[in-house]
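Have a look at the structure below, then the notes.
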Amino acid sequence: WIMGHMVNAIYQIDEFVNLGANSIETDVSFDDSANPEYTYHGVPCDCRRWCKKWEYFNNFLKALREATTPGDSKYHEKLVLVVFDLKTNSLYDHQAYDAGKKLAKNLLQHYWNNGNNGGRAYIVLSIPNLSHYKLITGFKETLKNEGHPELMEKVGFDFSGNDNIDQVAKAYKKAGVTGHVWQSDGITNCIASFIRGLDRAKEAVANRDSSNGFINKVYYWTVDKRATTREALDAEVDGIMTNDPDVIADVLNESAYKAKFRIATYDDNPWETFKK
């Protein structure tokens with residue numbers, strides 16, 4: 001999965017997919033009452049990027065639905081996965097359940113079209129804080145109460161805080177999550193990736209590949225250089241988040257990687273651990 005980073009304006013959906021992304025990451029900011037409000041990152045953000053592009057969340061969802069609904073004039077067949085980077089650090093811990101509930105209602109109405117031929121992309125809810133695990137509970141229970149528990153088949157999870165992997169496992173246990181787990185690891189592109197290294201990403205890959213691991217997929221962020229792309233591929237990650245999808249696509253075309261990796265399509269289940 002080539003994951004376009006910080007896609008917060010509607011026009012950027014086309015821009016990133018046309019550069020080679022089959023997945024996008026979108027920031028979601030919340031108001032004081034835990035309503036998802038804007039697709040907005042704000043300052044500071046990655047180097048060489050404009051941090052302040054935004055849309056109203058529901059307007060973005062409608063555009064995303066068009067981009068991922070077969071037969072729509074805006075449809076992109078290859079856009080198959082969307083990561084919502086949920087900026088819940090602005091909320092109190094006790095608001096996490098409400099944030100999940102309100103997020104589910106927004107997605108149900110504006111993305112899934114109340115279960116009636118809505119967008120088809122798989123969705124990852126990426127949460128920055130382990131203590132906000134109740135967001136998952138609120139999301140799940142709301143879809144069930146609204147009569148659409150089947151939509152959870154399209155939803156996965158990520159805790160994005162670079163926490164100790166054992167602690168991440170405990171948070172999932174509390175949330176009752178037993179699958180659909182993506183694990184992110186990384187650092188802003190403003191800091192050279194070698195300073196962080198790939199140790200934790202490799203630890204996540206080892207968990208993914210072990211018989212008793214809880215992780216299904218691992219992605220590394222934010223990668224804009226060819227050398228770092230190669231290192232991440234050598235570590236056998238499933239996804240790379242990038243500001244430059246064309247760079248990742250180029251490296252995947254190199255002879256060393258062409259035979260080993262391919263770009264994921266809609267038929268590749270993002271919740272299944274890939275067996276070599």
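Placed from the backbone N, Cα and C atoms, the Cβ positions cover glycine too.
Source: prediction; values computed, not measured.
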Taking D46, D72, D85 as the options, which does Swiss-Prot list with E25, D27 at the Mg(2+) site?
D85
Among C51, C190, find the residue that Swiss-Prot gives as the disulfide bond partner of C45.
C51
For H5 (active site), just give me the three-state DSSP call.
coil
Please report the Cα separation of D85 (Mg(2+) binding site) and H41 (active site, nucleophile) in Å, rounded to an integer.
9
Quick one: which of these recorded positions, H5, C45, C47, N129, C190, N253, have their CA within 10 A of E25 (Mg(2+) binding site)?
H5
